[in-house]
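The transmembrane segment annotation in Swiss-Prot covers 1-21, 41-61, 87-107, 115-135, 147-167, 186-206, 225-245, 260-280.
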Amino acid sequence: MTILQAIVLAIVEGLTEFLPVSSTGHMIIAEGIMGVESTSFVRAFTVMIQFGAILSVLVLYRKRFFCFPVAPRALGQGKGKEFMSRFDLYWKLLIALVPAVILGFLFEDWVDRMLGSVWVVAVVLFLGGIFMLFVDKLFASSDRGEITYPKAFVIGLFQCLAIFLPGLSRSMATIVGGQQQKLSRKAAAEFSFFLAVPTMLGATLLKAYKLYKEGGIEIFREHMIVLLVGNIVAFIVALAAIKFFIGFLTRYGFKAFGYYRILVGGLLIVLMLSGVSLAV
């Protein structure tokens with residue numbers, strides 16, 4: 001993989017990871033256009049550059065995400081409540097993460113086989129687009145209430161759909177899950193971003209460990225520049241993508257993303273029917 005190819009893939013990752021459009025489907029198209037061979041390192045690279053995207057969430061939402069100890073005298077100034085609120089978020093994220101961890105571990109081999117099917121990715125991307133055309137009407141009402149522990153768990157169950165249906169988009173599944181629990185679009189999207197941090201961090205570390213077992217520390221030394229550049233680019237692009245998405249979603253809803261998914265999914269299907277070789 002060249003530096004230029006790494007930059008392009010990182011741009012695709014940063015643009016699509018937090019949007020409900022399936023980063024996997026876009027990676028397939030980008031790799032196919034550039035003629036990137038689907039080696040074990042390339043597959044690991046597409047997962048490991050998620051670390052840069054994770055950092056973008058932590059930077060943008062650092063005041064809401066990070067939890068610091070509160071000095072005793074600060075409790076009287078109301079900061080203790082703020083501390084507990086942030087700590088409460090961690091518990092909700094942990095509860096939401098549990099279903100994916102359990103099911104991902106139990107069905108790891110099956111999930112890997114499904115992820116290796118471009119047809120599955122394309123069809124799910126296409127059908128998910130059709131569904132998104134109706135999301136705004138299906139979940140038009142929201143109580144704009146806070147995310148409770150039961151709601152967090154249900155959103156975690158929705159996240160599992162993205163594990164078993166590659167091409168669905170983790171972002172789409174969790175945001176729709178949040179709206180199904182009557183959260184506002186913005187609240188559902190932001191919790192989806194927060195949940196992405198432990199989910200994607202776990203996937204990144206697991207992939208890095210598997211790559212280490214396969215090629216040892218030398219494989220990281222050999223591709224260190226590519227990995228570094230990829231993560232930096234993914235971080236910068238994801239920052240812009242998240243800011244855009246929150247504003248766009250609040251004003252216009254999901255319909256535009258539905259049409260876009262149909263277009264991309266249809267393109268993948270046409271390419272495969274035309275005999276173009278694509279690999280995950």
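Quick reminder: no glycine exception, Cβ is built from N, Cα and C everywhere.
Among 1-21, 87-107, 115-135, 147-167, 260-280, 1-21 has the largest number of CB pairs under 8 A with the transmembrane segment (41-61). Of the ranges 87-107, 147-167, 186-206, 225-245, 260-280, the one with the most Cβ pairs under 8 Å to the transmembrane segment (115-135) is 260-280. If one looks beyond the transmembrane segment (1-21) by at least 6 residues along the same chain, the residues whose Cβ comes under 8 Å of a Cβ in the stretch are 27, 30-31, 34, 36, 41-42, 45-46, 49-50, 52-53, 56-57, 128, 132, 169, 171-172, 175-176, 192-193, 196, 200, 223, 225-226, 229-242, 245, 254, 257, 260-261, 264.
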